[in-house]
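Novice: Sharing a structure with you now.
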Amino acid sequence: MTRRVQQKVSPSMDQSKAVIGNNSELDAIQIFSYLSCRDRASLSSTCRAYRLLGSSPCLWSSLDLRPYKFDTSAAESISSRCTNLQALWFRGALSADAMIILQARRLREINVEFCRELTDAIFSAIVARHEMLEILHFGLDVCDRISSDAIKTVAYCCPKLRRLWLSGVREVNGDAINALAKQCRQLVEVGFIDSGGVDEAALENLSSVRYLSIAGTRNLNWSSAAIAWSKLTSLVGLDTSRTNINLSSVTRLLSSSRNLKVLIALNCPVFEAEADTSMMYNQKGKVVLSLISEIFKGVASLFSDTTEINNGAFQNWRKLKVRDRISDEIVSWIERVLSHSLMRISKKNPKEFDDFWLRQGATLLLSLMESSQQEVQERAAYAVATFVVIDDQNAMVDCQRAEAILRHGGVRLLLDLARSPPEGLQSEVAKAIANLSVDSKVAKAVSENGGIDILADLARSTNRLVAEEVVGGLWNLSVGEDHKGAIARAGGIKALVDLIFKWSSWNDGVLERAAGALANLAADDKCSLEVARAGGVHALVMLARSFMFEGVQEQAARALANLVAHGDSNSNNAAVGLETGALEALVQLTFSKHEGVRQEAAGALWNLSFDDRNREAIAAAGGVEALVALVRSCPISSQGLQERAAGALWGLSVSEAN
């Protein structure tokens, strides 16, 4: 038998190998952490090693399912990885029904958006299976099918609950509130937002609650509320925004509440009519934050001595080397409720808010976007995207508001956030960039700060919500002649064409915006050639042939019209004519019920008729009869449609056969 010879190896060498192995695994896990949950799951299916790495518990401690269609089959496919899941975000009642399958018994936090169809039964089933819940957040939409009975289920099933936030509940009665007070002894923060009614007297029993928000809640008896809530000995912050609270109730709460430090009353018309700007503090130094007060100075007063208004109050707080836990807790809560109220206000966008937005609202939103809380960042970005819009249908923005964001460094901040990993934040930031870019000065700043490269890169995202908003930004930027070449150089044209094929199965929003951006780019001679080289002709013809949504049809027809509008300077006219089904699709679009679709289709046929080979092919596809019918049916007021239809007939008539 041959002897086995052992090589003598120093302990340090063994240890170094072990460290290298561990470091390699840690590096691989870190790479996985940058991927979306869909990409992690896909990569895990490629081999055994990746499956083991991709199943690492640290990669599945939180899950954001908002961009995805999350149904029972999707839940079953990832349930084995969710045993250690602690935080979950999703949208809609269908997803709520599916999440029960995850068997994520260790969940600490659930965040649900757009839950209008969520019923008591589904809500109760969710909380009953997750008794370790500490945070339960149901918004942005109303939850008007959830009753007080479901809230009682929360109380009995989730004794460790610390934060409860419900939006649009029909009514929160005394029994439900008393159950929370009795069963959830660790409850620190409660929000009953935009509710039909809340038993204000019963709220007195929530003795552990430090932060209470009833923003937007109706039918409150403020005399009773002020008396009851003054007895909440733990209460530090109270949010009464968008209610009809009056000055006497505010005064009573400030004077009688022992530990109350902050009262927020944004967009409270009765209070604002009765108070004045000196109401930022009362004699005891308690802070009132309202539309008529200096919000930054009020926030700064909580943790430092201020002698002048400071628009960097939140930033200064974040930079403090020594911060106490209570101040951190207060400012974090202020960020959450301010971002929510400003988001709500931006949706309605009343004209009387012009002064507020220009005076401090714009800078306030930018400051909130620098928060360490992702939910705050997302809401602030959403508000930026919304408050600048005057007319969504005609893509009109308020230039003063847009340029206020620009003046205060908003473009660079948004572009920095667009590079950050959270896809939910990327989506909201991309929407803000898109809407702001309607203003030519902002569009120029976006381009000069590398924004086009960032958007072109994000257009390749596998996240539907990110892709849709990013493409909207490229659409708006492509309006400017100076930006077309930059989009092409950044690879934006190829990304747009690829995106049409990627999302061709179901997303009208992405496809309309991508076709609209290509239409703008195709108006440029050089860019039109790049569109054709990237496969744009085939992509646009596919949209014109296969999609019934009028927005997609109109932009696809417009893009084809612009592609073939350059005469003999390129070969696009012939290329479109030779594309299978292109001429037939455009002829069929002239019968559309929508004038915009008919007009763009007629314009495309007009441009195509300048090529000898296309004239008789259009006629063979029924183009002559379709255009004659279109001319006969044209309203007198539709001069653009009349011109294009008549022009197409004139172009076809050059052929003797026609």
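Every residue, even glycine, has its Cβ placed from backbone N, Cα and C.
Quick paste of what TrEMBL says about this protein:
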type	residues	note
DOMAIN	29-66	domain 'F-box'
REPEAT	409-451	repeat 'ARM'
REPEAT	450-492	repeat 'ARM'
REPEAT	491-536	repeat 'ARM'
REPEAT	581-623	repeat 'ARM'
REPEAT	622-658	repeat 'ARM'
Novice: For the repeat 'ARM' (450-492), jot down how many residues DSSP puts in helix, in strand and in coil.
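Specialist: Taking each residue of the repeat 'ARM' (450-492) in turn, the totals are 32 helix, 0 strand, 11 coil.
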Novice: Is it possible to list how many residues within the repeat 'ARM' (622-658) are helical, extended or coil according to DSSP?
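Specialist: Going through the repeat 'ARM' (622-658) residue by residue, I get 26 helix, 0 strand, 11 coil.
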Novice: Sequence-remote contacts (6 or more beyond its ends) of the domain 'F-box' (29-66), Cβ cut-off under 8 Å?
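Specialist: Residues 77-78, 80-91, 95, 113, 421-424, 462-463, 465.
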Novice: Would you mind splitting the domain 'F-box' (29-66) into helix, strand and coil residue counts from DSSP?
Specialist: 24 helix, 3 strand, 11 coil
